[in-house]
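Listed in TrEMBL:
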- 4-131: domain '1-deoxy-D-xylulose 5-phosphate reductoisomerase N-terminal' (DOMAIN)
- Thr10, Gly11, Ser12, Ile13, Asn38, Asn123, Glu125, Gly204: NADPH binding site (BINDING)
- Lys124, Ser150, Glu151, Ser175, His198, Ser211, Asn216, Lys217, Glu220: 1-deoxy-D-xylulose 5-phosphate binding site (BINDING)
- 145-228: domain '1-deoxy-D-xylulose 5-phosphate reductoisomerase C-terminal' (DOMAIN)
- Asp149, Glu151, Glu220: Mn(2+) binding site (BINDING)
- 260-376: domain 'DXP reductoisomerase C-terminal' (DOMAIN)
Amino acid sequence: MKYLSILGSTGSIGCNTLNIVEMFPERFAVKALAAKSNVPLLAKQIGQFHPEIAVVFDEQRALELKHILPANAGVEILYGDEGYRAAAIHSSVDIIVTAVVGAAGLMPTLAAIDAGKDIALANKETLVMAGEIVMKQAEEKGIKILPVDSEHSAIFQCFAGQRKADLDKILLTASGGPFLNKPGNEFTDIKPEHALKHPTWQMGQKITIDSATLMNKGLEVIEAKWLFSVSQEEIEVVVHPQSIVHSMVSYKDGSVIAQLGIPDMKGAIAYALSWPERLPLKQPIPDFANMKGLTFQKPDMEKFPCLALAFEACDVGGTLPAVLNAANEVAVYAFLNHRISFTDIPNIIKTAMDRHNIVKHPEISDILEADHRVRSDIEKELF
Ligand SMILES: NC(=O)C1=CN([C@@H]2O[C@H](COP(=O)(O)OP(=O)(O)OC[C@H]3O[C@@H](n4cnc5c(N)ncnc54)[C@H](OP(=O)(O)O)[C@@H]3O)[C@@H](O)[C@H]2O)C=CC1
Ligand SMILES: CC(=O)[C@@H](O)[C@H](O)COP(=O)(O)O
Ligand SMILES: [Mn+2]
């Protein structure tokens, strides 16, 4: 039996993870569930999966949860930073699924690594903000960081049985998002409801907007750099609108190994939880015979400046990726709340990056300080 703690259990990745637990009750059990504000859904999950700990964002929500649950629920209700930390380091947990969205994922993940827990990493922002520190700490603690992000799961699978010395490059696929074929001069008309219509994947709101700006791919370049210990030059983004090829790796003899599947996160989540075994998920394979084609093209960095900004942050390093991430988060939520336009997103990020005094070899405190400063500067200007 493998015991799980799911940070972000009420989100898209969290719910998919619980679907897998439900499918394989003889393999997985849940010890801790953590959410932010969706108290009714968390209460339902507690009733079904019986964790020992449940965590919400603040005391108010903890009280709400307590009122909803029956008196004999047998779960300890915690809240805030201490609560997320408790869920991350719970003594009988084997693996932490980091399915929280945004910078909030960083500190619980570091706490989990410090406590010697394996990580099924969905929260890419953790590696964007502090990839060097996180990977170093994971190595020191001898824990595994198993990728959940579909491309990184694919790359991980394409590396299996290969020698790192034979690597040519990682070909990181991108769907191109809903605006791949929209002329750039019409981007000012884009509303949240248009950007929230991802062509191939069902995901939470923040990552869906990131896919529409191509920032998601930029974050994934930085994630891949740290996760696989490669240079930026060894990563190429390839637009593949069908999202069937989840990524590829080329080798120095000209061979290219790809991982394919339907666009459904259950495959990548289950693989992170059961690696190196594969679980009988009963997922259909892509319908190759009736497929209209698998196509590939270069990303257009002028139309999608967020991708270029992420490459710049990746190249410069230090605290700059954390600044990119924080500015992006604030801008995405401002766009979702109709406070800025779609084309303001890259402008806000660029301004934050230009203004920032980079700390070249940051401690975690430098990263958190940069994150907080960027958020408060942008929020002051916007609201
Ligand atoms: N969805 C997908 O298919 C993929 C997602 N990822 C990555 O996985 C992560 C999760 O994405 P996704 O599931 O789509 O996101 P969702 O928005 O669907 O879910 C986010 C989860 O995090 C919780 N949460 C939000 N803010 C906080 C906070 N400040 N502190 C603690 N918990 C918080 C939410 O709680 P509540 O709902 O209770 O408010 C919810 O449980 C992201 O980093 C994303 O980039 C990577 C690849 C694919
Ligand atoms: C499912 C997943 O891993 C997402 O990160 C996905 O990659 C988003 O699609 P884009 O390729 O459009 O960013
Ligand atoms: Mn992805």
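Backbone N, Cα and C define each Cβ position, glycine as well.
Heads up, TrEMBL stuff is auto-annotated, nobody curated it.
Owing to the predicted nature of the structure, the values given are computational and were not obtained by experimental measurement.
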For the binding-site residues Lys124, His198, which Cβ has the most other Cβ atoms within 10 Å, all shown protein chains included?
Lys124
What whole-number Å value do you get for the CA-CA distance of Lys124 (1-deoxy-D-xylulose 5-phosphate binding site) and Thr10 (NADPH binding site)?
18
List the binding-site residues Asn123, Asp149, Asn216, Glu220 whose Cβ sits under 6 Å from any atom of ligand 1, in sequence order.
Asn123, Asp149
For the domain '1-deoxy-D-xylulose 5-phosphate reductoisomerase N-terminal' (4-131), report the average pLDDT of the model, please.
98
Filter the candidate list Thr10, Asp149, Glu151, His198 of binding-site residues, keeping only entries whose CB is under 6 Å from an atom of ligand 3.
Asp149, Glu151
Output: those binding-site residues from Ser12, Asn38, Lys124, Asp149, Asn216 whose CB lies less than 6 Å from an atom of ligand 2, in sequence order; none if no residue fits.
Asp149, Asn216
Starting from the Cβ centroid of Asp149, Glu151, Glu220, which together make up the recorded Mn(2+) site, report each further residue of the same chain whose Cβ lies within 8 Å of that point, ordered by sequence.
Lys124, Pro147, Ser150, His152, Ile155, Leu172, Asn216, Lys217, Glu223, Ala224, Ser247
Set of same-chain residues at least 6 away whose C-beta sits under 8 angstroms from Asn216 (1-deoxy-D-xylulose 5-phosphate binding site):
Ala174, Ile207, Asp210
Cβ-based isolation winner (fewest other Cβ atoms within 10 Å) among the binding-site residues Gly11, Gly204:
Gly204
Have a look around Ile13 (NADPH binding site) and count the other CB atoms within 10 A of its CB, chains all included.
27
Just to be sure I understand, if DSSP states are collapsed into helix, strand and coil, how many residues of the domain 'DXP reductoisomerase C-terminal' (260-376) fall in each?
66 helix, 2 strand, 49 coil
